[in-house]
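Trainee: Have a look at this one.
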Amino acid sequence: MGEPEPDDAVLFVGVSLVLGIASRHLLRGTRVPYTVALLVLGVALGSLEYGTQHGLGKLGAGIRIWANINPDLLLAVFLPALLFESSFSMEIHQIKRCMAQMVLLAGPGVVLSTFLLGSAVKLTFPYDWSWKTSLLLGGLLSATDPVAVVALLKELGASKKLSTIIEGESLMNDGTAIVVYQLFYRMVLGRTFDAGLIIKFLSEVSLGAVALGLAFGIVSVLWLGFIFNDTIIEISLTLAVSYIAFFTAQDSLEVSGVLTVMTLGMFYAAFAKTAFKGESQQSLHHFWEMVAYIANTLIFILSGVVIADGVLQNNVHFERHGTSWGFLLLLYVFVQISRLIVVSVLYPLLCQFGYGLDFKEAMILVWSGLRGAVALSLSLSVKRTSDAVQHYLKPEVGTMFVFFTGGIVFLTLIFNGSTTQFLLHILGMDKLSATKLRVLKYTRYEMLNKALEAFGELRDDEELGPADWATVKKHITCLNDLDDDPEHPHDVDDKDDHVHTMNIRDIRVRLLNGVQAAYWAMLEEGRISQATANILMRSVDEAMDLVSRQPLCDWKGLKSNVQFPSYYRFLQMSRLPRKLVTYFTVERLESGCYICAAFLRAHRIARRQLHDFLGDSEVARIVIDESNAEGEEARKFLEDVRVTFPQVLRVLKTRQVTYSVLTHLSEYIQNLQKTGLLEEKEMVHLDDALQTDLKKLKRNPPLVKMPRVSDLLNTHPLVGALPAAARDPLLSNTKETVRGHGTILYREGSRPTGIWLISIGVVKWTSQRLSRRHSLDPILSHGSTLGLYEVLIGKPCICDMITDSVVHCFFIEAEKIDELRHSDPSIEDFLWQESALVIARLLLPQIFEKMAMHEIRVLVAERLRMNYIKGEDIELEQNYIGILLEGFLKTRNQNLITPPAVLLPSNADLSLFGLESSAVNLVDYCHTAPSYQAEARARIIFFDMGRASEAEADLQRTASLGHELPRTMSKEHSGLLRWPESFRRSRGGHNASLSEIRNQPDSFSARALQLSMYGSMVSPSGQGAQGHRRHRPRGMPNKRHSSSYPRVPSRPANTRPLLSVQSEGSNMKREATTTAPAPATSTDQQQQKVMQDDNSSDDSAGEEVIVRVDSPSMLSFRQSAAGVRSPPPSQDQ
């Protein structure tokens, strides 16, 4: 037969991949490891080719080409990709914890294994090899191949700790074994080494490799920082750097290429994982999975071919030396015994470091010492050298090396690899704990509920008609055997302390997993930077290790990164230029603010998820309380920054929002292209402009001006929505103040003296009468109006309102509100609607606490009617909830209902409202009845809760149609992520869409909604041409804009842009005082001047705002040009 053609090698690759695909497909779900099947197939292919004297034609020619490949080329082609993928996919925290164990096994363990195997071969094998040759074989066989081990562990699903130890040891072991092999290989070829030279050689080769890997990692990661949203370049860089690093180490510097690539991969795992976000991260993961799969398939089939080649090509030799087969089996026993001795000798130390090691894990560690392509390629190097003209190694030695190594590779993969899962089962290491089994069963019942919800939405089809649930359920096999009543996973005997402890540990882990997932989502949204994400992820990993011994403690890992030096306060009060102070403080406080804000947000999201999944559980409540307690120091840090440098938080928030808006605009136009509304060229044109803006934002983030007092007031939904004639007298009587953390604004049962407009900060409510059982986060944030309901109805306050941070707020006396409400009936209706926003959250936190304030405003704005006269009957539809704000009602049982009260339909499914019958019975303000009768003039506001859930259902329907949605954690967490999908709501004829509500020119609710969503982008009511939208002739619809997408207000030409590159500069001054004077009012002339000065520079004349600081709890702003008006004293005296 003629010489093989070079392109025959391609045929072998294609056939190997087909065989790999078939094996993976057929063996899925079985206990036979995929790699074992590949090795057997390789042996079979090689046997057919060499046993039939080249009877496979062109495929056989390809087999011969690959079988005769240079062993160094074999390592250079396959190892870099496999080593990088394996080390990059490891978790850096696990690596750090298990590093000592890995070094022990890969350092002293390899040396001990080399001498044990070398001594056994020298003393028992009849080949008269020298000690150097015997130790060369011992070092060669000491390499537990990472390719084989990693492939096996991924299939068997071993525990994370054990997988990290075995995988990390095999990576390091492989590198050190190659170094030991190179040492004895040079000694066999005639070089002499004394003890000093041996230590020098081992140190240079190993430590040099680590240093080289770190150097390549640092340079390439820095390069990644300059690449912006280019997935192809990012992935190509990771591939290129792994191969260049391996080549540089092996050929140029003669250090260990394996250790170099392993170090490079671990460096990427530690510092570069967060550099890949969103689609880039998924693409990178899929790419390296594909590379590893192809390389594994080829290398294991090729290993089988080489083994068959080594046996059948030298069959004459083995016929003369038939005892070689017996010695191969003996060598296999020696390999297992040496591995057992190594683990046994190091076991006391292995138990002391990292996560420790128990007896069962040690047994798996012994049995998982597989050998693979690395050892085989090293033996081929020996054979190639022995076949050359030299007098150190005889050709028979190279043949026996390939035979013994190939045999050990085959036997360890066949016996150890195929029985590891059985050993895991025998040792009980593949079983789920009782705690996890209970959660698993509970989850299946939740899946059944979700399946029923999905069926209810998808059952009817206009084109195909209805579907049958029994048939649908029959095909969902995992839900078919749920016959028992659902049990909560924490419903166990209270006396069983062990189960209780395990439940708490399990819930802590789940909450921390949710926190970490929230960090990833925030990184993708642009809320946190890559460096901040690394710090936050590390803190969660460290807390995971301590969940069984102490409460949640991930904040401990963040303390060192969150510092607020005391001299910052003096810096702010110094005479240095404001721009300079702002620049340096932003740079230094940025990381701490991002960390604190992300920590608080992630924990809030994780608590909400846990509560939504497990409901009111005592165990969950314990962990949720731990989470709340952890956030105190983070809130304190943000309060210190808000007190001393309020401009810092505004700068950081502006950056976040700008990044998010640009990102979502990019996603929006990409979705338009996917749906066919935009052509690809059009989409690329628009997206390039957005990517340019994102790049500019990343490299030159903006600074912003601090808002003036008039800006804060005019952007509050209550004040800004009023017409100028009603608003101006109100502003002249507004009192501004800043209240520190823990200040009581008003107490439950106290007489209402006025209302509080929250401009910046968070307020927490508590009440003895109102139930907080279902309230996870009883807080009200900026834009809220507190005390309005009590002022309108004239009754005592229904709860305590306590500041939960430093709060910048405004106080308006009750008399002024009374004058305002009587000035116009439409204004009175609007005030009642605004009061209903807070009352809804107080009375039904389990429903309205999850909703953003603008979402509740949409529901309020859709109400059909509020006022009812005496004797009028009121019936609630199935999906409606009513809140009695004023007046009295009676039920058919003549029960008198007093305000405030929740009205529920009697035939409603309370679970649809997030309620339980037990919860309704526990409170006296929730009522269910078929109908209600107005006993006196009543004011009731209704919420269509079916409408409230349509946004989420819309997202689910979109996902079911195959559109990819961004990963979101919860309704609150998604925030901007749900813009624009959250507003795509199909409505009946009598329900106004969000777009229609916003575009109502004379609607106070529409104005309040606009201000709630867009803030300073909306001009105050009555500004005419400065309004946020262009006016059209009456009756002319806006056909150019979809009502499913909220239109961002366009900026008029004569107003300042959203982002300004200037800081407030000289407009902010601070001085210390002994009292806390209240703010002065803004006159109409001052307000007009502020509007005119919007485009002025920092040095222009404007309102001079002075902040007086006594202590963190006693603060207030004032305007230097006006009189002082004192706010009411705090009610915590």
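Don't overthink the numbers, they just go from 1 along the chain as shown.
Any Cβ shown, glycine's included, is placed from N, Cα and C.
Caution: TrEMBL annotation is automatic and unverified by curators.
TrEMBL feature annotations, pasted as is:
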type	residues	note
COMPBIAS	1027-1042	compositional bias 'Basic residues'
COMPBIAS	1082-1094	compositional bias 'Polar residues'
DOMAIN	718-820	domain 'Cyclic nucleotide-binding'
REGION	1016-1133	region 'Disordered'
TRANSMEM	6-27	transmembrane segment
TRANSMEM	34-53	transmembrane segment
TRANSMEM	102-121	transmembrane segment
TRANSMEM	133-153	transmembrane segment
TRANSMEM	205-224	transmembrane segment
TRANSMEM	231-249	transmembrane segment
TRANSMEM	255-275	transmembrane segment
TRANSMEM	287-307	transmembrane segment
TRANSMEM	327-350	transmembrane segment
TRANSMEM	362-380	transmembrane segment
TRANSMEM	400-428	transmembrane segment
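Quick one: how deep are these features, and who are their neighbours?
Mentor: Taking the domain 'Cyclic nucleotide-binding' (718-820) as a whole, pLDDT averages 87 in the prediction.
Long-range contacts of the transmembrane segment (34-53) within its own chain (CB-CB distance under 8 A, at least 6 residues past either end) are made by residues 19-20, 23-24, 27, 59-60, 63-64, 67, 148, 151-152, 155, 296-297, 300-309, 312-313, 409-410, 413-414, 417-418.
Cβ atoms under 8 Å from those of the transmembrane segment (205-224) belong to residues 175-176, 179, 182, 234, 237-238, 241, 244-245, 248-249, 253-264, 267-268, 271-272, 275 of the same chain, restricted to positions at least 6 beyond its ends.
Counting only same-chain residues 6+ beyond the ends of the transmembrane segment (255-275), those with a CB under 8 A from a CB of the stretch are 75-76, 79-80, 83-92, 95, 171-172, 174-176, 178-179, 204-206, 208-210, 212-214, 216-218, 220-221, 224-225, 234, 238, 241-242, 245-249, 281, 374, 523, 530, 533-534, 537.
Panel annotation: around the transmembrane segment (327-350), residues 101, 104-105, 108-109, 112-113, 116-117, 120-121, 124-126, 141, 356-357, 362, 365-366, 369, 371, 403-404, 407-408, 411-412 of the same chain, lying at least six beyond its termini, place a Cβ under 8 Å from a Cβ of the stretch.
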Trainee: I'd like to know if the transmembrane segment (102-121) touches the transmembrane segment (287-307) in this structure, counting it as a touch only when three or more C-beta pairs sit under 8 Å and are separated by 6 or more positions.
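Mentor: With fewer than 3 qualifying Cβ pairs, these stretches do not touch.
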Trainee: Counting each residue once, how many in the domain 'Cyclic nucleotide-binding' (718-820) are helix, strand and coil under DSSP?
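Mentor: Its residues divide into 24 helix, 34 strand, 45 coil.
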Trainee: Cβ under 8 Å, sequence separation of at least 6 from the ends of the transmembrane segment (362-380): give me the contacting residues as numbers and ranges.
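Mentor: That would be 71-72, 74-75, 78-79, 105, 140-141, 143-149, 152-153, 158, 162, 165-166, 174, 177-178, 181, 258, 299-300, 302-303, 306-307, 335-336, 339-340, 343, 347, 350, 398, 401-402, 404-406, 408-409, 412-413, 416-417, 419-420, 423-424, 427, 429.
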